[in-house]
């Protein structure tokens, strides 16, 4: 463990300047929050006709239920947790009885499919199974391109409103708010499973080709393969067939894993397969009903319950969601608009900490260790870091299956920008492919590209020459100023993700077009101070001695 002195951060700014940033950043943020509270209360009776209702009677205040994702989570929480408890009980009983790996996988798969039938109905589950079967058959051909073609066509159909309406009618969807997140997560898991499986099949075919001499006839190949099997004391039925069936069971459990099926988090196929295989195959001398890390899991679940209740409490006082979806946006002060921007980011972070956290912690009962939860945006100073640390599973998927295969960062700047473009094109289609989402996705691509160009320029000979003549403190100030404008650009395009087009344009106009120079200068100043504070916290939490 680090001592107090070892954990100290070597600050390169004067103490008075550091304190000025802390005071400016904290006061600016909380003053904007205060304005949202005051003006939200004033607008509640006259303008906020939608999105408010009574919830906790002892508070005697209206509750903002305008966010559909959070509202649906709270409605479905009891049923979702009950079904997850059935899943956990099934898994733990199998572990207690010391059943074989294949039997445990079969039990979990049947349990999860039955629970999904309760949630969606049998038609939807059969629809999911058809997609899985199609991807599995294509992967058995060893064609990675075939996987991308089929699933690429599938994701394009999901952006067509007419097709989606026909699909909803055919499947008789009663819970569309759960179906679309589930189909989105299943789509990414299908790519991860399909591409990995196709690569394994292709590698095995190549090994078989290279192991047999080029002049060998087909009959000789069969004899050779039979001899190999005999030498390893395995027949096709007891060896390869069993391993193939086990691999198929692992794949199906991964694709239909209940704790993370609807609300996440994402985990890559190979990581899931190795962890669940190691956990289920481990022989315990005297197994108990609950795993040894049960206390730690419950502690994390209690922390998530606290954040969930905290959000429920705050939505009785801060009506930022209801204001954003009403005509009241034009009646807010400039500081209240800035407060809504910050509150939406904080709410979005905590929402996915809760969503991903519950699924991740419940998965730990099966030995599945989740990726890190979304990091607080207050300690992320640049937008590239937001994508790396907010949704770790999605970032790992993009990096593994899109960014690196296209070129990544090791084949020059042009290939790197092209890799970013392909990644954000996928993000655009995966989120729905609408006009406002194109603005959001293109804005993400633009901001990340500019930040990457800045990093490349800093490492260039000219950049190194400039760095050598500028003091570290001045370098930090210049970086934070540039990142402040990058953050503003990110905020403007993020409105098109959170809001409909009309509300997003109003927010952009209020912050940039119709604001006075003094208001805009104060806005930039507070963000500049917050970037400094984020860099300081990131350095401290990262246990580094110096600012990078």
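For all residues, glycine too, the Cβ spot is worked out from N, Cα and C.
Worth saying up front: this structure is predicted, and the values here are computed from it rather than measured.
Per TrEMBL, the features are:
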- 20-38: transmembrane segment (TRANSMEM)
- 105-138: transmembrane segment (TRANSMEM)
- 144-166: transmembrane segment (TRANSMEM)
- 178-195: transmembrane segment (TRANSMEM)
- 251-269: transmembrane segment (TRANSMEM)
- 301-319: transmembrane segment (TRANSMEM)
- 331-354: transmembrane segment (TRANSMEM)
- 413-431: transmembrane segment (TRANSMEM)
- 480-499: transmembrane segment (TRANSMEM)
- 511-531: transmembrane segment (TRANSMEM)
Under 8 Å for C-beta pairs, could you tell me which stretch among 251-269, 413-431, 480-499, 511-531 has the largest tally with the transmembrane segment (178-195)?
251-269
Going along the chain, which residues at least six beyond the ends of the transmembrane segment (251-269) come within the CB cut-off of under 8 Å?
73, 80, 83-84, 87, 105, 108-109, 111-113, 115-116, 119, 128, 132, 136, 178, 181-182, 185-186, 188-190, 192-193, 196-197, 276, 352, 355-356, 358-360, 362-363, 368, 370-371, 391-394, 396-397, 400
Same chain only, please: residues at least 6 beyond the ends of the transmembrane segment (331-354) with a C-beta under 8 Å from a C-beta of the stretch. Say none if there are none.
29, 31-36, 39, 43, 47, 67, 69-70, 73, 264, 304, 307-308, 310-311, 318, 320-321, 323-324, 373-378, 390-391, 491, 494, 498, 507, 510-511, 515, 519, 523, 526
I need to check the long-range neighbours of the transmembrane segment (20-38): which residues 6 or more away from its ends have a CB within less than 8 Å of a CB in the stretch?
13, 317-320, 323, 332-333, 335-336, 338-340, 342-343, 522, 525-526, 529-530, 532-533
Of the listed stretches 105-138, 144-166, 413-431, 511-531, which one has the most C-beta pairs under 8 A with the transmembrane segment (480-499)?
511-531
Taking 105-138, 144-166, 511-531 as candidates, which has the most Cβ pairs under 8 Å with the transmembrane segment (413-431)?
144-166
At least three Cβ pairs under 8 Å linking the transmembrane segment (144-166) and the transmembrane segment (511-531), pairs spaced 6 or more in sequence?
no
Please indicate, using numbers and ranges, the residues of the same chain that are 6 or more beyond the transmembrane segment (105-138) and have a C-beta under 8 Å from a C-beta there.
79, 83, 86-87, 90-91, 94, 99, 146-147, 150-151, 154, 170-175, 178-179, 182-183, 186, 190, 193-194, 197-198, 246, 248-253, 255-258, 261-262, 276, 280, 366
